[in-house]
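Here is what TrEMBL records for this protein:
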BINDING   Thr197  FAD binding site
BINDING   Tyr244, Gly335  D-dopa binding site
DOMAIN    5-347  domain 'FAD dependent oxidoreductase'
Amino acid sequence: MATTDVVIVGAGVVGLTTALVLSKHKDLRITVVAKHMPGDYDIEYASPWAGANYFPVGKAGSNLQRFERETWPELDRICRELPEAGIHYQTTAIYGRKKDATSATGLWFAELVKEDAWFRDLVPNFRILPRSELPPSCETGTSFTSVCINTAIYLPYLLGQSVKAGVTFKRGILSHISEAPSYSPSPSPNTIIINCTGLLASKLGGVMDPAVYPGRGQIVLVRNEPGVMATVSGTDDGEDEATYIMQRAVGGGTILGGCLQAHSWESQPDPNLAQRIMQRSVDLCPALAPKTGKVTELSVIRHGVGLRPMRTGGPRVEKEKIGGQWVVHQYGHAGYGYQASWGSAWEAERLVLGILGPRANL
Ligand code: FAD
């Protein structure tokens, strides 16, 4: 049985999910090489900073919409069958303000806030909220059952499942994508490279994608419990600021967000923005501060900043020959790397099998 080496560059949610999907093909020998691994917290590593929840935003007919549609049943299955993965169901409320229609956050959430959203028959318990259940500043609202992922549990879970299935993990920093095969047990021109480098696809030699840029997100992680997962399409504090609240599974605390600051590489939390995030969260969800209704009642675990790997035109999942070697690109998942993860990984799998063609004996 011929073995083909696959080297996945990147150990964020995209690289790890792809490693796990490919690991079921026993003719593939898979190595993951990455600068950052689960357990690290770094501004160049988006995955640990995500909330993370399932809030579909893909436009009709886009690859992203397909990835999100395909991902829900798998997150749902993991939630039901694998509690150790750190995902749980959350009742969610999505509030829309008409004045956010053209703001940065309003455009981001355009599909999410629709009362006839494309995912209304996909997620359980979708309903339109009556006016009496809306905050005074909002004109639209929906509710459905979503999930929230504790990234500190889920990323090591994906890594552990991959190791169990035979995947090898290595630390390494590549300056050019063509260095990837050197991390496989027997480098050859047949080695297939999967490029899951997220934001750093903008800087990696051989790729240098100018369409990739950071979408800065600042969060506050607190011990307080909100009782509901909620978001509003925008705020009056700035058109790149939004409010979202989600409680992570298995004691992971509650994420308060946030913002979407395009092209900002700033790694340090802005204390004024943190204050606004906490104030807006308590205003939207008084259950966070039941005794006083004040921000001082929030028990902060950490302030954080992550950079979403934005890409003009959406995520890039396609194959390309670079220096005679097949590369499957899989990056640019912006603010939807988790909610699109399984669909994206299955697309990468189809591309790998297409490259193998008659070579495949899988
Ligand atoms: P990353 O996690 O950044 O991983 C990239 C990997 O590539 C790392 O291992 C890195 O070390 C490696 N790498 C890069 N360059 C090199 C190199 N040259 N050599 C070696 N290794 C390299 N998504 C959701 O679905 N739901 C949410 O609720 C959500 N909330 C978010 C909130 C915030 C504040 C942020 C910042 C993001 C959020 N996201 C959310 C988006 C999600 O986090 C990202 O889309 C996802 O993490 C991207 O994963 P990735 O694997 O592509 O990139």
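The backbone N, Cα and C atoms fix where each Cβ goes, glycine too.
Remember, TrEMBL labels are computer predictions, not curated facts.
Distribution of TrEMBL features across the structure.
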residue: Thr197; record: FAD binding site; Cβ within 10 Å: 29
residue: Tyr244; record: D-dopa binding site; Cβ within 10 Å: 25
residue: Gly335; record: D-dopa binding site; Cβ within 10 Å: 23
